[in-house]
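Annotated features, as they stand in Swiss-Prot:
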type	residues	note
BINDING	Leu10, Ser11, Gly12, Gly13, Leu14, Asp15, Ser16, Ala17, Thr18, Val19, Val20	ATP binding site
BINDING	Cys189, Cys199, Cys202, Cys205	Zn(2+) binding site
Amino acid sequence: MNQKKAVILLSGGLDSATVVAMAKADGYACYTMSFDYGQRHRAELQAAERVARQLGAIEHKVIGLDLNGMGGSALTDDSIAVPEAPSQGIPVTYVPARNTVFLSLALGWAEVLEARDIFIGVNAVDYSGYPDCRPEFVEAFERMANLATKAGVEGNGFRIQAPLQYLSKAQIIQAGVARGVDYGLTVSCYQADDQGRACGKCDSCRLRADGFAAAGIPDPTPYF
């Protein structure tokens, strides 16, 4: 019997690394996909390569996109500052339609690979309030995937799996540690330096640090 395949979105951060480990533990052959989309730094792409290697991905693919050509986000437009204090509403670090774009490309690769499962590390508990991290979005994308693909209309449906959806950051970290994730390889910071060191001030850094503290696990994050 052939091993079931999964395409997994891997940013190089804590959440997506955990998802790779969870999929592997569930018996999937893992095909990881990252995006060089014009983000502020390349440290997360280097982290994604390290994580894919450590967790035994069958293939790690990096797709080039020019989302900074559109701008509209502090992560793709250097003229918009990354906030270093909590904010109300959807923060300026939201990248317009990013998860829709990423999942669409993962869907295409999954169809080529004849993989039925696509994993994404979105979370609706300890998160920044992005609309494309909500359960409603994941469910809607799965419906679209099965309407928009040859595989879907022929009855070989896709599943969009978001195993972290209802977990706290501490629970995510505990799940990853139990499955052998080396979080020292990951980068979560929105404005990490060239060595992957974190600022310790942005929303992503705060969520990460609070998660390690709540989990009672030492935080391996290097800071500048």
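Glycine residues also receive a Cβ, built from the backbone N, Cα and C atoms like all the rest.
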Integer Cα-Cα distance in angstrom, Val20 (ATP binding site) to Cys199 (Zn(2+) binding site): 25
For the binding-site residues Leu10, Gly12, Ser16, Thr18, Cys189, the one whose C-beta sees the most other C-beta atoms within 10 angstroms: Leu10
Position of peak Cβ density within 10 Å, selected from the binding-site residues Val20, Cys199: Val20
Shell of the ATP site beyond Leu10, Ser11, Gly12, Gly13, Leu14, Asp15, Ser16, Ala17, Thr18, Val19, Val20, same chain only (C-beta within 8 angstroms of their C-beta centre): Ala48, Val51, Gly121, Thr186
Spatial neighbours of Cys205 (Zn(2+) binding site) that are distant in sequence (at least 6 apart) but have CB under 8 A: Ser188, Cys189, Tyr190, Ala198, Cys199, Thr221
Most Cβ neighbours inside 10 Å, all chains, among the binding-site residues Leu14, Cys202: Leu14
Where Ser16 (ATP binding site) falls in three-state DSSP terms: helix
Output field, Zn(2+) shell: CB within 8 Å of site CB centroid, site Cys189, Cys199, Cys202, Cys205 dropped: Val82, Ser188, Tyr190, Gln191, Ala192, Ala198, Gly200, Lys201, Asp203, Ser204, Arg206
